[in-house]
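Asks: The region 'Amidoligase domain' feature in Swiss-Prot is assigned to 1-267; the stated evidence is sequence analysis. According to Swiss-Prot, the CTP binding site annotation covers Ser13, Asp148, Ile149, Glu150, Lys188, Thr189, Lys190, Pro191, Thr192, Gln193, Lys224, on the basis of sequence analysis. Per Swiss-Prot, UTP binding site is recorded for Ser13, Lys188, Thr189, Lys190, Pro191, Thr192, Gln193, Lys224, and the stated evidence type is sequence analysis. Under the heading ATP binding site, Swiss-Prot lists Ser14, Leu15, Gly16, Lys17, Gly18, Ile19, Asp71, citing sequence analysis as support. According to Swiss-Prot, the L-glutamine binding site annotation covers Tyr54, Gly354, Leu382, Gly383, Met384, Gln385, Glu405, Arg462, on the basis of sequence analysis. Per Swiss-Prot, the feature Mg(2+) binding site maps to Asp71, Glu141. What Swiss-Prot records for 292-534 is domain 'Glutamine amidotransferase type-1'. As annotated by Swiss-Prot, active site, nucleophile applies to Cys381. Look at Swiss-Prot and you will find His507, Glu509 tagged as active site.
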Amino acid sequence: MTKYIFVTGGVVSSLGKGIVAASLGRLLKNRGLNVTIQKFDPYINVDPGTMSPYQHGEVFVTDDGAETDLDLGHYERFIDINLNKFSNVTTGKIYSTVLKKERRGDYLGGTVQVIPHITNELKDRVYRAGKETNADVVITEIGGTVGDIESLPFLEAIRQMKSDIGRENVMYIHCTLVPYIKAAGELKTKPTQHSVKELRSLGIQPNIIVVRTEMPISQDMKDKIALFCDIDTKAVIECEDADNLYSIPLELQKQGLDKLVCEHMKLACKEAEMSEWKELVNKVSNLSQTITIGLVGKYVELPDAYISVVESLRHAGYAFDTDVKVKWINAEEVTENNIAELTSGTDGIIVPGGFGDRGVEGKIVATKYARENNIPFLGICLGMQVASIEYARNVLGLKGAHSAEIDPSTQYPIIDLLPEQKDVEDLGGTLRLGLYPCKLEEGTKAFEVYQDEVVYERHRHRYEFNNEFRQQMEEQGFVFSGTSPDGRLVEIIELKDHPWFVASQFHPEFKSRPTRPQPLFKGFIGASVEAANQK
């Protein structure tokens with residue numbers, strides 16, 4: 001029978017519940033169990049697709065085209081699995097489904113209520129995640145903090161599951177904060193006690209408490225937390241701040257987190273074999289050189305908006321025994337006069353995705369600077385589009401060339417709306433989303449790094465390169481190295497006489513793994529390392 005683990009959080013948000021859940025998933029997977037994982041977000045949006053990155057951070061896209069929470073990126077990278085639309089559930093999705101059922105008459109004229117209709121729908125999403133993947137264990141992270149009004153139906157649903165399927169099949173892990181009070185020079189357990197008290201008042205007794213802390217906590221403090229929260233002392237797991245995220249699974253294993261889970265759930269499985277993971281952590285802790293990549297974006301004040309991009313850069317760096325630092329460059333501040341200064345000290349330039357006109361001209365300037373000065377360059381989504389616009393303007397001489405998204409009246413719409421998008425009115429969930437094939441041209445840099453004729457990558461866009469300009473651009477040395485199999489859509493562009501100038505319409509960052517870097521990132525970082533070594 002499938003087992004269900006729920007990870008909740010207390011005291012404050014952004015405690016790292018997602019990292020704890022992902023780390024546990026990795027440990028259980030390495031014990032030979034089939035693990036899947038999901039995130040429940042209590043906000044009323046149907047998904048984060050239309051939310052500002054300043055509000056939510058990155059939107060992570062799955063193979064099947066779901067626009068999801070950035071924690072799913074952590075899950076995929078840590079556990080090395082591909083998730084799907086059942087892996088992210090929001091209040092908006094649940095209410096939308098229940099209201100559709102009510103309109104169809106599925107409830108036979110009954111009064112639709114939070115209990116049982118909303119809670120039943122929530123439980124169904126948990127069960128479905130297990131059925132769709134045939135999982136031995138489903139880990140569900142509940143977003144937000146215990147005590148939030150929005151979280152109450154979620155907590156009630158997971159409370160009910162203990163009665164529905166039995167105590168040994170359900171487990172609750174609660175993440176809390178033990179803050180350090182600098183003036184007193186002490187760690188304080190009271191917030192944890194109150195958080196657990198709040199959770200217990202809702203009918204949930206945590207089996208394990210994971211304590212986030214700036215510094216090690218004493219055994220006496222663990223005993224105190226165990227006493228007040230009514231759990232075994234060994235079930236108080238310390239999670240100290242770490243410089244290297246990938247060390248956390250090993251720290252949790254050292255304290256027996258996965259063993260506690262297996263004992264409670266009567267899971268007969270081998271010890272977690274973590275030698276490959278230990279090699280990764282050892283490598284990350286002992287990198288021999290450092291390079292700096294300039295990231296030119298519009299959301300640089302919030303690094304979480306580019307979290308998968310940054311992680312992918314780091315993964316690629318590991319392959320070259322290199323620590324990759326990121327220099328954040330606000331695209332709105334970039335001009336022809338200051339680009340050299342803003343990118344000084346960098347060994348490569350990356351222009352990631354984005355929407356809207358803010359900062360686009362700065363990205364075009366940065367792209368031109370990389371092209372003209374033989375600086376390794378990687379463009380993603382909008383980054384590919386601005387690379388195309390820049391080339392059209394400054395090499396082909398098409399003054400005023402632009403994207404129809406930004407300048408609908410441009411004489412040279414190098415980037416235009418996808419034909420199938422012309423009648424679309426809604427913004428949410430209507431982009432070209434998910435995994436699509438890309439056919440690579442032999443003899444190109446893209447083919448060289450992928451070593452494959454057809455590759456599959458994840459997309460999130462509404463605009464595309466305008467084929468009316470394709471021949472004209474090709475004649476001037478612009479290389480279309482990847483297209484859709486029918487040749488209709490441009491997927492990758494590059495330049496021949498350049499150390500590395502490659503850009504993709506898709507989002508390669510969504511498929512990178514710490515032990516298996518994504519090929520375009522690996523090629524980009526390889527060129528950047530070479531450039532750094534030649535200085």
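The backbone N, Cα and C atoms fix where each Cβ goes, and this holds for glycine too.
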Asks: Write out the long-range same-chain contacts of Asp71 (ATP binding site), meaning residues 6 or more apart in sequence whose Cβ is under 8 Å from its Cβ.
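Replies: Listed in sequence order: Lys17, Gly18, Ala21, Ala22, Lys39, Phe60, Glu141.
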Asks: Listed binding-site residues are Gly16, Lys190, Pro191, Gln385; which of them have CA atoms within 10 A of the CA of His507 (active site)?
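Replies: Within 10 Å of His507 (active site): none of them.
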Asks: I'd like the number of other C-beta atoms within 10 A of the C-beta of Gly383 (L-glutamine binding site), please.
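Replies: Around the Cβ of Gly383 (L-glutamine binding site), 26 other Cβ atoms lie within 10 Å.
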Asks: To see if you understand the setup: which same-chain residues, six or more apart in sequence, place their Cβ under 8 Å from that of Thr189 (UTP binding site)?
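Replies: Same-chain residues close to Thr189 (UTP binding site) (Cβ under 8 Å, separated by 6 or more) are Val178, Met221, Lys224, Ile225, Phe228.
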Asks: In sequence order, which same-chain residues at least six apart have a C-beta under 8 angstroms from Ile19 (ATP binding site)?
Replies: His74, Phe78, Leu245, Ile248
Asks: Could you state the CA-to-CA distance between Gly354 (L-glutamine binding site) and Thr192 (CTP binding site) to the nearest Å?
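Replies: Cα of Gly354 (L-glutamine binding site) to Cα of Thr192 (CTP binding site) measures 39 Å after rounding.
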Asks: Can you grab the distance from Gln385 (L-glutamine binding site) over to Pro191 (UTP binding site)? Cα atoms, rounded to a whole Å.
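Replies: Distance between the two Cα atoms comes out at 49 Å.
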Asks: In sequence order, which same-chain residues at least six apart have a C-beta under 8 angstroms from Gln193 (UTP binding site)?
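Replies: Sequence-distant Cβ neighbours: Ile225, Phe228, Cys229.
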Asks: Which Cβ among the recorded positions (Glu141, Glu405, Glu509) has the fewest C-beta neighbours inside 10 Å?
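Replies: Counting other Cβ atoms within 10 Å of each of the recorded positions Glu141, Glu405, Glu509 gives the minimum at Glu405.
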Asks: When the Cα of Ile149 (CTP binding site) is compared with the Cα of each of the recorded positions Leu15, Gly16, Tyr54, Leu382, Glu509, which one is closest?
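Replies: Answer for the nearest of the recorded positions: Leu15.
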Asks: Say you check the Cα of Lys190 (CTP binding site) against those of the recorded positions Leu15, Tyr54, Cys381, Glu405, Glu509; which is nearest?
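Replies: Nearest listed residue in space: Leu15.
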Asks: Give the distance between the Cα atoms of Met384 (L-glutamine binding site) and Gly16 (ATP binding site), rounded to the nearest whole Å.
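Replies: Between the Cα atoms of Met384 (L-glutamine binding site) and Gly16 (ATP binding site), the distance comes to 33 Å.
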